[in-house]
């Protein structure tokens, strides 16, 4: 079983208190102190190369060498000049970008010369695995370089392990053709069980599931999954085209299995019929689906993958997942897959581990092939067949299920040989270059992004990276990683820190603004107040931090507000709106958290007597007019709808005109809107002057104090606010506003077109 993933470096490192995404203009590059070069077992030639990787180039020693190296890098990387123009502090690392880009280009060239191009290379699933031929026969193919022999067995041959041997090919590949029956029918029917039999060099006989298996199930009390030959007579026919790429990304992070209020594993059908309409109604235009790639251990939250090409059977059939995606597309909602290529489950009987009887095959051999904290295996990204497997996996989900992109999990672990373990990531540029970077993994990510955006130009890729690596979300042509977005992982940690460690009156407005705006220029971020990480057992959601046990007793509208519930509801709205408006170029919410879902999230496991009580989402709470959850749900809906109308996530970063510590006021402008937040727990302000860039008349378009949001109705929405040519906080105009305590407002200049 997989360990509790909250021990992963992505969470451990984010809670060190250091801010993650340092803007380049505030972090000048610092050359590391010279170090004694170790003896290199691979020889002096590689040692010289590695010594060059270890330190940035600087003009101080030999200016002519620096200029020559810089010019060579600019010549090799098509748009590197643009990256260095955006961030001049990256100039000392130009040779790193050059080396990364050349490695990416060389592999792409090799694929073209040896495989006919990445288009053909990424179609591995069309030949590997088991396939029905036009004549009714079966073609089978596997990569098992450490095997002595390979065989196919199953229901079709009475489980005789050796009656159908594969023929050995070059480069560790094996193939088998099984002719059809005399009546031309297939020998292995749809729905029958199969196994690959491996005879190892040590003489062991191993029963394995093909890495390319498209459907696996666990029946009854069986410990391991069974490989089911999935070859239905009629495949699902998609009815709707992919929606256009949204200008603003509003993501609803979802888990199919917990989407019901009942104590059971919910189905694809349930999600399609019951949850998709809710997501649409809330104004989200993107779903990020977790735990879809098959994982034997449900409580791993889908992060210990056993079968990479199989959609999880615990929720239903592949066709039902296809219907889910198709239905979302009919609603104008794009669907992203949470793809896990950072590691794999250690399971061998129903996973990739030890597939050919060796500890390598798809993974690094020895200690490098194991992630100690996650207790999982690490891919050998420099291996030709591993690249084929992973890139084909990307294409499979894009084409077979029509996902619209990916959220790549565990990117920090991939990027560095230390996997982020014990790293604070201060923002010093030397942390992102040199020997600690796993450039094979980085090159794979560049190839994956290249493939995704070549196949589907409107596709979206998101990196879960806590380190803040520069240029990860810059174009590959600039030497970057090619991602569209990265997760702004410091933001939820900041909110949890404030709620845990500080009184409301001690919240630092400048610190909040800094955390929300501290991101690299032109590298887009997905902002979020909380995700699934914060909902897991051992942590608390924002609502639970704010209201805790009173959520069980005082959420009825028939009872007066208690101070705890009043504070919780008002701050819950404010935290989400300021994160939405100021924190990034996209926004994410984990399912149920929009309405302050009570309790935590805990999957059935031995520690809770295999209970499903906390592995569910109680959406019905928002449908009960007698409960206050509806207020938070209404606010989340109208916040998203307002963003759809004005598009602040797609607008340039906000101009913050005020962050007043004594008054606890934050004010900023974005997309022609004026956002005002009063975080003071008790003080309201009459005729408070707020700066703006725009002259004219303003009206309230969103008010967290409104009755439909559980507010106190202290503002008159018919009031007109007129700005005057009175400079304030660096803005040429200003207006006077009444700002009640614990209120968030958005004002629109009505003289401007919507």
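In case you wondered, yes, glycine gets a Cβ from its N, Cα and C as well.
In the predicted model, the domain 'Glycosyl hydrolase family 13 catalytic' (274-620) shows an average pLDDT of 96. Taken from TrEMBL, the feature domain 'Glycosyl hydrolase family 13 catalytic' covers 274-620.
With a 10 A radius on its CB, residue 409 (active site, nucleophile) counts 24 other CB atoms from all the protein chains. According to TrEMBL, the feature active site, nucleophile maps to 409.
For 464, the entry in TrEMBL reads active site, proton donor.
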Would you kindly give the Cα-Cα distance separating residue 464 (active site, proton donor) and residue 409 (active site, nucleophile), rounded to the nearest Å? 5
Within 10 Å of the Cβ of residue 464 (active site, proton donor), how many other Cβ atoms are there? 20
